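Noted in TrEMBL for the protein shown:
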- 2-124: domain 'PLAT' (DOMAIN)
- Gly15, Gly17, Asp85, Ala86: Ca(2+) 1 binding site (BINDING)
- Asp39, Asn40: Ca(2+) 2 binding site (BINDING)
- Trp109: site 'Essential for stabilizing binding to COTL1' (SITE)
- 124-602: domain 'Lipoxygenase' (DOMAIN)
- His373, His378, His479, Ile602: Fe cation binding site (BINDING)
Amino acid sequence: MADFRVRVSTGKAFGAGTWDKVSVSIVGTREESPPLPLDNLGKEFTAGAEEDFQVTLPKDVGQVLLLRVHKAPPALPLLGPLAPDAWFCRWFQLTPPRGGPLLFPCYQWLEGAGSLVLQEGTAKVSRANHHPLLQQQRQEELQARQEMYQWKAYNPGWPHCLDKRTVKDLDLNIKYSTAKNANFYLQAGSAFAEMKIKGLLDRKGLWRSLNEMKRIFNFRKTPAAEHAFEHWQEDAFFASQFLNGLNPVLIRRCHYLPKNFPVTDAMVASVLGPGTSLQAELEKGSLFLVDHGILSGIHTNVINGKPQFSAAPVTLLYQSPGCGPLLPLAIQLSQSPGPHSPIFLPTDDKWDWLLAKTWVRNAEFSFHEALTHLLHSHLLPEVFTLATLRQLPHCHPLFKSTGIGIEGFSELIQRNMKQLNYSLLCLPEDIRTRGVEDIPGYYYRDDGMQIWGIPSSLETREALVQYVTMVIFNCSAKHAAVSAGQFDACAWMPNLPPSMQLPPPTSKGLATREGFIATLPPVNATCDVILALWLLSKEPGDRRPLGTYPDEHFTEEAPRRSIATFQSHLAQISRAIQERNRGLVLPYTYLDPPLIENSVSI
């Protein structure tokens with residue numbers, strides 16, 4: 001007979017404790033013990049508790065390999081067994097009669113009655129599990145996970161996703177926590193009520209004026225949103241949003257003008273100034289292009305019974321000498337030049353030029369929401385997550401109010417999936433491919449490259465390290481960069497209109513203030529989108545910043561040192577970003593490490 005001490009830690013979250021009875025079987029190299037009840041006087045396994053139990057094994061099981069955890073509802077006299085509940089177990093610590101304690105990390109919900117097998121916490125690749133029982137347990141765990149987390153095709157041409165019909169069908173371990181879920185719906189309810197009281201959610205007509213739009217702009221203002229309101233008509237601010245706005249991934253250096261974008265020297269002379277030309281600036285590398293061609297011919301939505309419109313613009317930008325601002329030179333609102341697709345210029349009438357820029361901003365909204373945000377920062381991370389759950393053992397409301405709707409979103413995703421490649425997902429390669437290594441004031445690039453920081457140069461592991469870094473970066477930092485600023489950009493709706501009610505202009509000289517307002521989305525659609533983007537930009541509690549790991553899966557000293565080093569590096573990056581931001585008119589905060597979630601969280 002042998003006495004073991006078992007220490008059990010229960011999570012602190014709401015509902016983490018259990019009334020169920022828990023027992024353990026200790027699996028050794030010789031045999032497996034019978035279930036050993038973990039039972040003290042009074043109630044066990046309350047939320048946040050760490051409790052000690054003494055168990056006696058009838059026989060020596062040999063060297064401990066596994067811990068099998070059993071959970072079942074208690075039986076009450078006359079009433080029989082109670083309905084089983086859920087329990088969040090953090091870890092078990094097993095101390096044998098001889099030798100040091102063994103830690104078995106769990107960090108998962110155990111729902112209902114059943115059992116769970118845990119390995120001691122030392123990280124192991126498959127070949128390190130020498131004992132047949134360990135190999136068998138590994139295979140059984142993977143098989144169970146693959147049965148629980150199955151693939152399905154949500155739409156043709158989309159990435160595959162988890163085969164579940166609704167959120168209610170999800171396993172507790174991949175759901176929002178109760179607190180986070182409650183916070184999300186409380187925030188949504190309060191914001192909805194505020195809009196309802198203002199009488200805006202049910203108004204299907206046009207805005208009466210830009211001044212009237214200020215009524216909704218007062219809804220949860222932020223410093224960045226106020227900056228957008230004050231500067232949205234300025235060319236420098238328009239251009240800066242390609243670098244540090246919510247879609248900082250499309251701008252690329254222009255080495256030659258596309259054949260379908262016939263800009264001439266005479267068109268841009270007033271911005272370029274004397275003594276230079278388009279060809280000279282192309283050779284210098286000071287011209288940049290933003291091409292929304294993927295939107296060409298996309299299916300559009302119907303809002304309030306009215307068909308919406310979309311454009312596929314091309315925008316030419318100029319980096320002025322020295323530390324001057326990036327400026328727009330020319331905008332064409334289609335991919336087909338001709339008499340009905342003029343090239344708009346800064347020297348045009350104020351409303352012609354402003355309307356052209358606003359069409360570009362609408363294209364930015366569609367591209368960002370469908371591709372940069374939904375596809376690259378949600379659907380692809382779901383692929384990574386689901387593949388991890390299946391292959392590694394344990395050791396959106398926007399659609400109804402946007403200009404392109406669900407069918408347009410689906411078309412865009414199908415088109416972009418055909419173009420998607422590995423390099424696009426790796427920030428250093430993406431920056432090099434787009435030729436934007438040295439454009440000044442590109443804080444998405446500067447901060448993102450610091451956070452990317454591949455931590456190893458071992459050639460035999462380089463590809464693996466880059467791949468894992470790509471997954472971590474896209475699921476954390478990139479998601480923060482393209483998600484957290486959605487409300488900032490859209491709170492003043494003319495800066496980022498989600499839909500356009502009139503077609504793009506086919507000639508110059510006809511735009512007016514009234515026509516500009518008539519082109520913008522109706523009141524109710526504006527409110528729907530601003531509400532949604534406010535919620536999507538706001539973390540609903542239970543925040544876990546990048547580098548924070550409350551679940552201690554690693555028990556060895558080496559990975560703990562690596563985590564501490566990583567956290568120290570992130571702290572240095574944060575201090576440098578905050579120091580730089582103190583000198584900026586509009587601070588770039590989206591990639592400040594304390595504001596980045598460990599993973600996609602909303």
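From the backbone N, Cα and C atoms, a Cβ is placed for every residue, glycine too.
Overlay of TrEMBL annotations on the structure.
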residue	record	CB count, 10 Å
Gly15	Ca(2+) 1 binding site	16
Gly17	Ca(2+) 1 binding site	21
Asp39	Ca(2+) 2 binding site	12
Asn40	Ca(2+) 2 binding site	10
Asp85	Ca(2+) 1 binding site	16
Ala86	Ca(2+) 1 binding site	15
Trp109	site 'Essential for stabilizing binding to COTL1'	19
His378	Fe cation binding site	17
His479	Fe cation binding site	24
Ile602	Fe cation binding site	16
Nearest of the recorded positions (Gly15, Asn40, Trp109) to His373 (Fe cation binding site), judged by Cα-Cα distance: Trp109
Asn40 (Ca(2+) 2 binding site) to Asp85 (Ca(2+) 1 binding site) - Cα separation in whole Å: 20
Residue distribution over DSSP helix, strand and coil in the domain 'PLAT' (2-124): 0 helix, 67 strand, 56 coil
Alpha-carbon distance [Trp109 (site 'Essential for stabilizing binding to COTL1'); His479 (Fe cation binding site)] in Å: 27
Cβ-centroid neighbourhood (8 Å) of the Fe cation site, His373, His378, His479, Ile602 excluded: Leu374, Ser377, Pro381, Val482, Ser483, Leu536, Val600
Trp109 (site 'Essential for stabilizing binding to COTL1') and Asp85 (Ca(2+) 1 binding site), distance between Cα atoms, whole Å: 10
Cβ neighbour count within 10 Å of His373 (Fe cation binding site): 22
Check: same-chain CB within 8 A of Ca(2+) 1 site center, minus Gly15, Gly17, Asp85, Ala86: Ala16, Thr18, Trp87, Phe88
